[in-house]
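Record features, source TrEMBL:
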- Cys194-Cys215: disulfide bond (DISULFID)
- Cys291-Cys312: disulfide bond (DISULFID)
- 32-140: domain 'Ig-like' (DOMAIN)
- 148-243: domain 'Link' (DOMAIN)
- 244-339: domain 'Link' (DOMAIN)
- 1-20: signal peptide (SIGNAL)
Amino acid sequence: MHRLLLLGCLWLLTAPPVSSIFQRPTGSPAPPRLQYLLEPLHPTVHTQRGATATLPCVLRALPRNYRVKWSKVEPANYGENIIIITNGLYHKNYGPLSPRVHLRHSHRYDASLTITNVALEDEGRYRCQLVNGLDDESVSLTLHLEGIVFPYQPSNGRYKFNYHEAKRACEQQDSRLATYQQLYKAWTEGLDWCNAGWILDGTVHYPIINSREPCGGRLLLPGVRSYGARDRQKDRFDAFCFTSALKGQVYFIRGHLNFKEAGQACRNHGAAIAKVGQLYSAWKFSQLDRCDGGWLADGSVRYPITTPRERCGGLPDPGVRSFGFPSKELRAYGTYCFVEK
């Protein structure tokens, strides 16, 4: 017993102080503290297409000589595009965002970036960088658009797009190729699709909720399955497109119209035949619910269902149903039109 007490006392005499036991390991320095820029309270700004969004960047002090540079990080080409540079008194805009951006300047320490009429391609990561000689520092923010991801394939069947064709096809349907984050979020919300498709960064994926034999087998867990990066010229897949809110309205015209007559019917009302992305947007954001198949601009026939029922396809979940690409001479459907507001 006395021997145990003696050993315990010797340990207390030789043991390192408690503070040194929990010190940061050598070689892993603490992240550098921001000296001039305030860390944003909310690093993600949520918005919709057509809205005005402000990305916050506020200085806690004004260095003697400095510049603030805003840029957008572009994962598709692994670069950054400069948007605006200011020295506090003057500023200069750069690139395609130039007509739609300005500095908020609500006070002398405010270098926040305001984007008007937000577009689909504005989603992504932005960097506010203070350029001050050796004391350069930056904060990153993400602009997130509320929207909907939908799979898309052309009239001649699945797996027909190379990357560039997939990108163009989404843009023609009032959308853009989805990012991985958008596709992953869509999967968490129930997107289940067995065909692989391109996304914005040039990789190929498909989201599976219900594991099954034709989609990788029953033993694979649900998830966003990946084919990784593929050859953008040679490899061919479908596309996953992303769209957001509309500055306009989608509505249905009843009739027994062929494709050409459908387009004319919309033009007679001062509208245009709706695109696939516009129909998905109206279903998502305006709760458009019609049990009637209607022509769309790509020659497909679809209808949006927000309240599933037996006589409207019989499927248990809401969604945009498709009749595919029937003959354009077939007089069997109405048409969905889009008018801008």
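The first residue you see is number 1, and the count goes up from there.
Placement of Cβ uses the backbone N, Cα and C atoms for every residue, glycine included.
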Close in space, distant in sequence - Cys291 (disulfide bond), Cβ under 8 Å, 6 or more apart: Tyr303, Ile305, Arg309, Arg311, Cys312
Candidates Cys194, Cys215, Cys312: member of the disulfide-bonded residues with the richest Cβ shell (10 Å): Cys215
Helix, strand and coil counts within the domain 'Link' (148-243) (DSSP): 22 helix, 30 strand, 44 coil
